[in-house]
Every structure is written in structure tokens, then in C-alpha cells.
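According to TrEMBL:
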type	residues	note
TRANSMEM	48-71	transmembrane segment
TRANSMEM	77-96	transmembrane segment
TRANSMEM	125-149	transmembrane segment
TRANSMEM	180-200	transmembrane segment
TRANSMEM	212-230	transmembrane segment
TRANSMEM	264-285	transmembrane segment
REGION	315-343	region 'Disordered'
COMPBIAS	318-329	compositional bias 'Low complexity'
Amino acid sequence: MGSECTWASFLPTGLGCCSRSTRNSKMVSSPVVTKMQAIMQKEMVREFLAEFMSTYVMMVFGLGSVAHMVLGEKFGSYLSVNLGFGFGVTMGVHMAGNISGAHMNAALTFTNCTLGRMSWKKFPVYILGQFLGSFLASATIYCLFYSAIIQFSGGHLTVTGPTATAGIFATYLPEHMTLWRGFLDEVIVTGILQLCLFAITDKKNNPALQGTQALVIGILIVVIGLSLGMNTGYAMNPSRDLPPRFFTFIAGWGIQVFRARDWWWVPVVAPLLGAYLGAIVYLVFIGSSIPRRPQILENSMNYEDRRIPVLPKTMSNPPTTLTPVSVSPANRPSVQTVPPLSDSIHLEHF
């Protein structure tokens, strides 16, 4: 019986043990939480998470709109794709604009590094965040639309053909385009994107109003898609194209996602070149020609006082200030006449 214990005797002891373990867990968890908070406050960690989340949001909205267009003709159109990507960018800028700048685009990050606007040490941090966010967004869309994808394709995940579904995730060159025309198209379109982004955010020129930059950038994406998106799908972004392509490779579409018309490398290389050229064009043709505002004098009265001519040093009797009740005219000192401004200008001090 000594080894036995009743519920009555066990319950207080158990509760006491639980309370002690709870206190111990709190004591253990507090340093862990503090350490985690310290890590989360580090600049590069915050920027990594900002790029990850903003890219994820942008890609979920964008790829979801493409899925609607491909899988359900009644639920999507080319206009809805542009709106999905455009306002996806807007939401991403709202989410991370004041933390990392909300690049969401490896080409923009590359350009900022080459121009010295950010350190190259941050380049892999930004790219990793963007790629992981884009990859996870692709997995999310695949899970959400899996049944529709299987039904539309008949269970065969193909890259080309009437039931191709790989285009939901990455861009592919259409039949009317050649490889190098597609390369040039991506260079020009990405250059226009970077050119306009500099104009929207240049505080020395005529930027978008404070608080409206995200919306204006989203509208820019919509306009580019509506006017220049037909040829290549306006990837303009390695972070938008390469991670989803790699996801489709491992999700069942196979190696054909990289072999189809040898296109896979163009949305990676061409945007880097295009964004850099667009930035250079803006800085040379627009940024260098912005007129400087004239400096405003702090005290214009002092400036006017300094314009009063100074008497020549050869004058022995400087002028005396007279009042209406001064000495008689006979006893008044002679007053020297101030020489004309043209004669004393060389003695002025401004």
C-alpha cells in the first residue's frame, strides 16, 4: 500500500508539479523569446522577411489570375491577369515598402547594387527572400487549383499544346516570336519598367504623391501588360519566372519546362540587362538635367545692408548722423558725399 497512491493524494502533487513546470517553462521561454525578438530586429532579417512576404503576396495574386484565365474561361481574361499582377505589386509595396523597398524583383535589386544604392552584401539576402516567396506562392496556387489543373489537362501535366498548364506558373515563348526577338522584347520592357520606377520615386523630379506610390506602381504594371505583354508575357523579373519554373519541374511537368524553345534563361538574363539600361537612360537624360532650385537667403535684410557702398579709406571725416535738433549749421561738420555706386563697387563686401 505504501507504493500506491490515491487520486486525492496524487492531484495536489500533480498540480504542484504542473505549476512548477509552467513556471520553469516561462523562465526558459523568456530568454528564447527575447533572443528571437533580437534576431527579428536585425536589419537583414527584416529585409529578408519583407522581400519574402511581399513577393509571396504579389505572386499569389498574379499566378491566381493566370490560373483563372487558363482553367476557367468564364472566370478570367487577359485584363484580369494584368489587374492581378498590378494590384499584387501594389499590395506588396504596401507590405514591405518602408522596410526593404519592396523590390520583389531580382533585376531591380541587381540594378540598385550596381548603381551603389545598396550594398552587395544585401543582394543574396534579397534574392533568397524573393525566390522563396515566389516558390511558395507557386506551391500555394498548385494546391488551390490542383483539381482544376487535373481536370483541364486530363491528368497529363504538359508544357505545350491545347491543354498545357505550365504557363500558369512561368512564361513561355509563343510561336510567332523567335528567341532573340523575345530577348530584345524583355530587355526593352524591363528597361521601361525601371525608367518609370525612377520617375515615380525621384524626389528631385516630379514623384508620385506621398502615399500613392504603391497604387501608381501597380497601375504601371497594368499598363505595361496591356500594351507590351503579348509577345513574351512580360516576365521582367527573374524572381517571378525562375522559382515557379523550378517548382513545375519538381511537381510533375518535368525537364520540358527548361527545354521548351530554350527560353528559360531569357527571363533571367534579359531583365537584368534591361533594368540596368533603363536606370542609366533615366540618370543620363532626366536625372542630370533636373534644374537645381535657387538657394533662398535666410535674411534678405542683411543682404540688402551688405549692398550699401562703403566709403573710401582716404576719407578722414566720415559722415555724421544729424538730427533735426543738432548744432547750428555754422558749427556742423562738413558731410562728405558718398561716391556713386560704380566708383565704390570694388570695395563692397557681400
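Yeah, the Cβs are placed from backbone N, Cα and C, and that goes for glycine too.
Bear in mind that TrEMBL entries carry predicted annotations, made automatically and left uncurated.
A contact links the transmembrane segment (48-71) to the transmembrane segment (125-149), because at least 3 Cβ pairs that are 6 or more residues apart lie under 8 A. Comparing 125-149, 180-200, 212-230, 264-285 for CB pairs under 8 angstroms to the transmembrane segment (77-96), the maximum falls on 212-230. Below 8 angstroms of C-beta separation, residues 78-79, 81-83, 85-91, 93-94, 97, 185, 188-189, 192-193, 196-197, 200-201, 236 of the same chain, each at least six residues beyond the ends of the transmembrane segment (212-230), sit close to that stretch.
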